[in-house]
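The block underneath contains the structure these notes are about, expressed in structure tokens.
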């Protein structure tokens with residue numbers, strides 16, 4: 001009798017813990033940015049720029065800039081300067097991606113040319 005009672009209680013506890021484990025805890029007002037930087041940030045000093053959309057844990061848009069010296073600062077998403085900085089950053093990132101893809105494409109062309117030159121050399125000998 002005692003064993004069945006203990007097993008029953010363990011089963012109930014297990015079911016409760018499984019239900020609790022998957023439940024997300026929603027906390028309103030837990031934003032990463034408490035205040036925003038009022039100064040100007042230059043594109044050359046940026047290492048990374050991340051934008052976070054409103055979520056259940058934070059109701060406002062957050063923009064966090066990581067500078068080349070490692071300092072992270074929050075930017076005001078409503079500022080005209082910040083909006084311009086975001087446009088320039090996105091343009092710079094897309095240009096870097098294009099350059100990177102272009103270099104890969106050029107390497108493939110060089111390899112193809114070298115292979116075709118080798119096959120021509122084999123045919124002539």
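Cβ coordinates come from backbone N, Cα and C, glycine included.
The signal peptide annotation in Swiss-Prot covers 1-22. Residues or ranges marked as disulfide bond in Swiss-Prot: 31-58, 33-74. Swiss-Prot lists 93-125 with the feature region 'Disordered'. Summarising the annotation, Swiss-Prot assigns compositional bias 'Basic residues' to 94-125.
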Cβ neighbour count within 10 Å of residue 31 (disulfide bond): 16
Residue 58 (disulfide bond) versus residue 74 (disulfide bond) - Cα distance in angstrom: 14
Rounded distance in angstrom between the Cα atoms of residue 33 (disulfide bond) and residue 58 (disulfide bond): 10
Conformational class of residue 31 (disulfide bond) under the three-state DSSP mapping: coil
